[in-house]
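**Student:** Structure in structure tokens, see below.
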């Protein structure tokens, strides 16, 4: 059989172990996940908040994306995926040298052994360089911090946020990642977290809720009325998030294989189902209040919970199960947000700006537990390190699998509550966690000296003495626009 031209000649840049297809897919998947954050969540956050917080919300996401990358290559990656230091933590070291980055990728300390010490599943060694894996895993770490930010938008001191990001990455995220993915105790125990239902979504939801408690609430006026300032841009950001999730779950097998295809299909099925169920519940239960008009924001929330719920088992459940998971992710988080939230004193007390607790913690926990029920044995056998893994509905050790999922959720929840609390209390000694009242009243202009929408030329702010209705270019008085709350237009010099 003739060798394809692309592989017939070996060069230093194309070693024997390199599979160009796998490498191309992994870099593409990483880029998809990166686009979910930058610009996806940057646009979504800037648009879904009140106008006066658009710049601040976007900047919090933008800063986190950049800061996480630097911390990740300096020490974070190898704390999450390096040689074992503790059963839940890896040894930190830089991921910057060429000798490390150009070698074949591997996930250290991930060789799974039987109770008698014999190897059950060897170390994972994808067919591409470490550089691809380091970047792919960075995008997961970055989006976790950005999702967490959704809980504290509209009042967290930006300087406190700048200190919080690297500390939380190092002392919280890397622990969950190593424990479940990098060869830690939960990984070897056989807990299933296909692509971050626990590592990313449960942790960001719990940590976000904890941070919202310690930072304190927004102004009363902001809590009572917080309309999105641009619904269409909000949908654009949400669309990037949805489409980027194909890289999120499709890249998790570390190869362009069958499991990646199953994961991408299931991801989209569950998201679509969840969106439809959430929207239907909005219409049915709030029809009299809203004249049965489906809410766009509700549809985005339903989309989000579907994407989160399928993540722990995207490549491990059958597509009919993805529909069931979508139905549950469109209804159970809806109940927690729309019904239980209003009846719980604790949930009412904590000001979780975008409801990250419901859309990520509740949906992530739900997805992890449902994976413990629906994980299909043949699909599990394609990539999981522990042999004969299966959901409870498939008999055998499936009941034990569900228990493992529950215990892992408890560990992730407890670690994030404790670590987030300690980090914020330490920061509070040096930097106030909440903005001063004068900044809370004004918003972006007071915090950054910038505003999201400058409708007068060259970023010039509206000055009624210069641009007022009584200064017509024709020297005539003209009546003010009745649309005093809308855009006033652009000054044109004739």
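Glycine is treated like the rest: Cβ placed from N, Cα and C.
All TrEMBL annotations are machine predictions without curation.
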**Student:** Match it up for me: which of 328-353, 406-431, 432-457 does TrEMBL list as transmembrane segment?
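**Tutor:** In TrEMBL, residues 406-431 carry the label transmembrane segment.
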**Student:** Looking at 1-23, 24-46, which stretch does TrEMBL describe as transmembrane segment?
**Tutor:** 24-46
**Student:** Could you pull the average pLDDT for the domain 'Ammonium transporter AmtB-like' (24-453)?
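**Tutor:** 93, rounded to a whole number.
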**Student:** Given pairs 6 or more apart, does the transmembrane segment (24-46) have at least three Cβ pairs under 8 Å with the transmembrane segment (133-153)?
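**Tutor:** Per Cβ check, the transmembrane segment (24-46) touches the transmembrane segment (133-153).
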**Student:** Quick test of the contact rule: Cβ under 8 Å, at least six residues beyond the ends. What residues does that give for the transmembrane segment (133-153)?
**Tutor:** 26-27, 29-30, 33-34, 36-38, 41, 45, 49, 53, 56-57, 60-61, 64-65, 68-69, 72-73, 76-77, 80-81, 95, 101, 105, 107, 126, 161, 165, 168-169, 173, 177, 196, 199-201, 203-205, 207-209, 211-212, 215, 248, 251, 254, 352-354, 356-357, 360
